[in-house]
C-alpha cells in the first residue's frame with residue numbers, strides 16, 4: 001500500500017465534496033486497508049460502531065450467499081436459512097436421486113394404465129412405500145457420513161438432525177407419490193394403500209437407526225416389505241380385479257393397514273422416548 | 001483450577017485389538033503434542049477426548065465435564081473444536097458452505113454473524129480467496145485447511161487436532177503455526193503428529209504414545225534431554241545403537257549407548273522419541 005487516506009481527504013469524503021473518481025479511489029483503498037477503516041470508526045459512538053459492524057457483516061453475508069438449488073430455494077421460502085443449510089446437505093434432496101425415484105413411480109403408473117391396469121397398480125402400491133424409505137435412509141446416512149466425526153462432535157443433537165431430514169424427505173416424497181397415486185386406475189382405495197406402509201417403514205427406520213446403520217435397516221425393511229407384499233405381485237391363473245389382487249396381501253387389507261399405522265405411531269414414539277441412544281450409537 | 005483434560009486408567013479395544021491401555025493423562029492450557037508411531041493409539045485417544053468415542057475402561061473429564069453424561073457431553077461440544085484425521089468434507093460443497101454447515105451444527109443460527117465467523121476462520125487458514133471454490137477442486141493441503149477452519153469456529157476452549165499438518169507445504173505449515181500462536185493463552189490444544197519438528201516448533205509439552213501406552217509426558221525439552229550424550233555420528237551403523245540412519249551427508253547417526261570418544265551431536269526431541277519408541281518410530285522418521 002503506497003498511500004493512506006489523509007485528514008483532508010477524509011473531511012472531503014465525509015462532506016461529499018470529493019469528485020466521483022476521488023471518492024471511488026478512497027472506497028477502493030478502504031476495502032484493502034484495515035488501518036484506514038479504523039479512522040472513521042475511531043470517532044464513532046459505540047452504537048454507530050455496532051451499526052457499522054452489523055452492516056458490514058450483512059454486506060459480507062449477502063456477498064457470500066451462494067446460488068441456491070431449486071430445492072434449497074423452495075425450502076428457503078418456508079424455513080429459516082440455517083435449517084435449509086442442514087437439509088440441503090442431504091443427498092436425498094439431490095436432483096439425481098429424485099429423478100430416479102420419480103421415474104420408477106412414473107413407470108409403475110404407466111404400467112397401471114397398460115392392459116387391465118391390475119399388475120401396474122399392484123406394482124405401484126408395493127414400490128411406492130420404498131421411495132420415502134430410500135430417501136430417509138439416504139438422508140440418515142448423510143448425517144453419519146457427510147462430515148464424519150466433525151458432525152458427531154458438534155452440539156447439534158443427532159436425533160434432531162435425523163428427525164428434521166425425515167420430515168423433509170417425507171414432506172417432499174409423500175405429496176409426489178400421492179399425486180401419482182391419484183392417476184391410478186384402481187380408484188381411491190388403491191390410491192391410498194401405499195401411505196400406511198410408507199409411514200410405518202419411515203418410522204421404523206428412524207427408530208431402529210438408534211441401534212444400527214440406517215442403510216442396513218432400510219435394506220432389511222425393504223426385504224421384509226417385499227416378502228409381506230409379494231403375494232400381490234405373484235401371477236394369478238384367474239383374472240382378478242384390482243381389489244382382488246390387493247386383498248391377496250394382509251398388508252393391504254383393512255386390518256393390515258390399521259396394524260401398519262399402529263406400527264408407525266409406536267415406532268415414532270419409541271424413537272422420541274429413546275432419542276439419547278442416537279448419540280450413544282455414534283460413540284461406540 | 002479445573003484441568004482441561006484429565007484421563008485416568010483409560011482403555012479401549014477394537015475387536016480383540018488393544019488400542020489404548022491404562023492411559024492416565026492430565027493436560028493443562030497450552031499446546032500439547034501427541035507423538036507416536038502409526039497404530040500407537042493416537043487417533044483413538046484424540047477421539048475419546050473429542051467425545052467421538054467412549055472408552056471401555058477408566059474415567060474421562062474434559063473441560064470439567066463427563067463426556068459419558070449427555071449434559072456433560074453437550075457442554076464439552078459447545079467449547080470444542082475438532083479436526084479428525086478424515087474430516088469427511090462433502091466434496092460437492094464449497095469451502096465456505098461446508099464450514100457454514102458445520103457452523104450451523106455448532107448452533108450459530110444468526111446468518112450474518114455466522115457468515116462473518118466463517119469468513120474469519122477461512123481467512124485465518126489462508127483460504128479467504130478460495131472460499132467459494134468446490135472442495136473437490138482444492139488440493140489435499142487446502143482441504144486439510146478447510147478442516148482446520150471448521151475446528152476454529154467459535155473460538156473453542158479446547159482444540160483437538162489429528163495430524164493437522166499432513167499435506168501442508170512448508171509455507172502452509174508456517175501459517176498453521178501462526179494460527180496456533182494467535183490462540184488465547186488459556187486455550188488448550190492437543191495435536192497429534194508423527195513429525196518431531198512440528199512438536200519442537202509448536203508444543204511446549206509432549207506425550208509419547210506407543211502400543212496404546214503413555215511412554216512419556218512432560219516438557220519437550222525434557223524429551224530432548226533424554227537423549228543428551230546418546231546421539232553420535234559414525235561412518236557405519238553402530239551395533240550399540242538402538243536406532244541408526246543415514247544422514248544427508250552420508251554418515252550414520254546413531255542413538256543409543258555411544259562408544260568412548262564417539263562424535264556426539266546435540267540431541268533434539270526426535271532423538272528422545274526414538275530412544276523411547278525404538279525401531280518402529282525410526283522407520284517413520286527415516287521415511
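Every residue gets a Cβ built from N, Cα and C, even glycine.
No curator has checked TrEMBL annotations; they are predicted automatically.
Look at TrEMBL and you will find A:13-37 tagged as domain 'Putative zinc-finger'.
Annotation comment: TrEMBL describes A:96-115 (among others) as transmembrane segment.
Here the transmembrane segment (A:121-141) has long-range neighbours at 90-93, 97, 101, 104-105, 108-109, 111-112, 162, 165-166, 168-170, 172-174, 177, 180-181, 184-186, 190, 193-194, 197-198, 200-202, 205-206, 209, 214-215, 217-218, 221-222, 225-226, 229, 232-233, 242, 245-246, 252, meaning same-chain residues at least 6 beyond its ends whose C-beta is under 8 angstroms from one of its own. The transmembrane segment feature in TrEMBL is assigned to A:121-141 (among others).
Summarising the annotation, TrEMBL assigns transmembrane segment to A:162-184 (among others).
Marked as transmembrane segment by TrEMBL: A:190-210 (among others).
The transmembrane segment annotation in TrEMBL covers A:217-234 (among others).
Taken from TrEMBL, the feature transmembrane segment applies to A:254-273 (among others).
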Based on Cβ pairs under 8 Å, which of the stretches A:162-184, A:190-210, A:254-273 lies most in contact with the transmembrane segment (A:217-234)?
A:190-210
Over the domain 'Putative zinc-finger' (A:13-37), what does the predicted model average in pLDDT?
78
Please list the DSSP helix, strand and coil residue counts for the domain 'Putative zinc-finger' (A:13-37).
20 helix, 0 strand, 5 coil
